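Chemist: Below are the features listed in Swiss-Prot for this protein:
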BINDING   10-18, 29-30, 57-61, 116-119  GTP binding site
MOTIF     32-40  motif 'Effector region'
MOD_RES   Ser89  phosphoserine
REGION    166-185  region 'Hypervariable region'
CROSSLNK  Lys170  ubiquitin cross-link
LIPID     Cys181  S-palmitoyl cysteine
LIPID     Cys186  S-farnesyl cysteine
Amino acid sequence: MTEYKLVVVGAGGVGKSALTIQLIQNHFVDEYDPTIEDSYRKQVVIDGETCLLDILDTAGQEEYSAMRDQYMRTGEGFLCVFAINNSKSFADINLYREQIKRVKDSDDVPMVLVGNKCDLPTRTVDTKQAHELAKSYGIPFIETSAKTRQGVEDAFYTLVREIRQYRLKKLNSSDDGTQGCMGSPCVLM
């Protein structure tokens with residue numbers, strides 16, 4: 001069974017835990033209890049493949065920012081979550097993305113931009129803005145509601161598909177026969 005290490009990042013109060021718990025346990029948590037770090041595992045079938053999702057739900061609060069480098073190192077893909085009624089959380093996405101790229105030492109890291117709380121009538125982040133940001137990053141954008149479950153599976157499953165594409169790309173680039181021992185082609189004798 002293939003395992004995927006997913007990390008949910010974003011500012012405090014955007015609904016990272018609510019999204020994760022909705023996916024794992026099929027229910028909505030409406031009381032806010034700031035997370036330090038929680039880990040969840042769930043077996044799912046995505047596009048016919050049985051997968052084990054290892055999901056790390058992270059702290060949005062600034063006082064836990066020192067822990068970020070560690071989980072960014074181990075994560076394979078990132079759900080970058082903002083709340084559609086919180087412009088600051090949307091602006092913060094760039095900070096998370098830059099930190100992920102720095103820690104991973106790569107511009108090419110599987111990510112999905114997630115606009116949560118789309119069930120709320122008070123929107124301060126326009127869908128068009130979010131689509132444009134995602135397009136500029138070259139990543140998918142999905143609107144979700146942890147309350148109604150809208151887009152929840154789609155967000156996590158899309159991230160798994162992004163990780164699959166990334167793994168294939170890595171496999172193909174290292175499997176083209178040109179790079180062998182010490183950077184030169186290997187010769188079998």
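Including glycine, each Cβ sits where the backbone N, Cα and C put it.
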Chemist: Within a 10 Å radius of its Cβ, which of these binding-site residues (Val29, Cys118) has the fewest neighbouring Cβ atoms?
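Modeler: So among Val29, Cys118, the binding-site residues given, the one with the fewest Cβ atoms within 10 Å is Val29.
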Chemist: Taking DSSP as the reference, which of helix, strand or coil describes Thr58 (GTP binding site)?
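Modeler: For Thr58 (GTP binding site) - judged by DSSP and reduced to three states - the answer is strand.
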Chemist: Find, for the listed binding-site residues Gly10, Gly13, the residue with the lowest Cβ contact count at a 10 Å cut-off, counting only other Cβ atoms.
Modeler: Gly13
Chemist: Please compute the mean pLDDT of the model over the motif 'Effector region' (32-40).
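Modeler: Across the residues of the motif 'Effector region' (32-40) the model's pLDDT averages 74 on the 0 to 100 scale.
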Chemist: Among the recorded positions Lys16, Lys170, whose Cβ has the fewest other Cβ atoms within 10 Å?
Modeler: Lys170
Chemist: Given the binding-site residues Gly10, Lys16, Val29, Thr58, Cys118, which one's Cα is the least distant from that of Ser89 (phosphoserine)?
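Modeler: Closest recorded candidate to Ser89 (phosphoserine) by Cα: Gly10.
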